[in-house]
């Protein structure tokens, strides 16, 4: 293979590795002791994830953070709170519904980026995007209705996953302008740290047990920080430098499939007919929405919905 071939193949290979890494997020959550609160899981994950970026910031002695304007810090703090809530709801959803349903509904965030961009920022939405959003909501409705008809007891988990998707949409939309002027390590460190503080406050308010915890679970929290966050999202961001943004955006839709396959392998868990039917329609709508955007604005993978 020539050097040029390697340059052409490596970005796509990195996307495959990234999607496998990100797909493990829900699996790691399931591996955690069931007696540990999802809020504790999220708090540890985000704490460790914020630590990852400290070495990058030490290279210039935290100079960018020191020069951040008060307005930017306030905006990043609000974004961090939203991110913390997102993880709280997503992790809770994985413990209350199927991995397939949780990751599918959390991956719906591009719909809400477009919707809130239109509603709040008066951004133009093409007819294709409108059709994609409509199609996705039909899929989500089928998923919810079918699970209710089956009386599977997963309604709360599905609702939490959908809320996490909405919060992820708000996160991406709110952080969009900030990421244009602030480097990835600085942005991620501040936002992750605030999200961790948000989750720790939730832990204290709910009197959840957070210490001592089994070493095995601490190890899983570290895996959550390093595999989906450092490996998965870093490779995603790297690929953005070599591939069209819409290509990277569309690959995010692979997470529900990857996570579902892993759940089948590790837990013998198969999605219900309603999840499959609603999921295919929903993902189809998201796909239409993504490709109809000439310049997608929500491809920054500092944080995915999971």
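Any Cβ shown, glycine's included, is placed from N, Cα and C.
According to TrEMBL, the protein carries these features:
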type	residues	note
DOMAIN	12-144	domain 'EamA'
DOMAIN	157-290	domain 'EamA'
TRANSMEM	12-32	transmembrane segment
TRANSMEM	38-57	transmembrane segment
TRANSMEM	78-95	transmembrane segment
TRANSMEM	101-121	transmembrane segment
TRANSMEM	133-149	transmembrane segment
TRANSMEM	155-174	transmembrane segment
TRANSMEM	186-206	transmembrane segment
TRANSMEM	218-236	transmembrane segment
TRANSMEM	243-267	transmembrane segment
TRANSMEM	273-291	transmembrane segment
Tertiary contacts of the transmembrane segment (186-206) (same chain, 6+ residues out, Cβ under 8 Å): 37, 39-40, 42-43, 46-47, 49-50, 53-54, 57, 64-65, 68, 73, 76-77, 79-81, 83-85, 87-88, 175, 178-179, 302-303
Whether the transmembrane segment (243-267) meets the transmembrane segment (12-32): three or more C-beta pairs under 8 angstroms: yes
Three-state composition of the domain 'EamA' (12-144), taking helix and strand from DSSP: 108 helix, 0 strand, 25 coil
Recorded stretches the transmembrane segment (273-291) and the transmembrane segment (101-121) touching, at least 3 CB pairs under 8 Å: yes
The transmembrane segment (78-95) and the transmembrane segment (218-236) contact flag, 3+ Cβ pairs under 8 angstroms: no
The transmembrane segment (133-149) versus listed stretches 12-32, 101-121, 155-174: most Cβ pairs under 8 Å: 101-121
The transmembrane segment (38-57) and the transmembrane segment (155-174) contact flag, 3+ Cβ pairs under 8 angstroms: no
Confidence summary (mean pLDDT) of the domain 'EamA' (157-290): 91
Intrachain residues whose Cβ lies under 8 Å of the transmembrane segment (155-174), provided they are six or more past its termini: 75, 78-79, 82-83, 85-87, 89-90, 92-98, 101-113, 115-117, 120-121, 140, 143-144, 147-148, 297-298, 300, 303-305
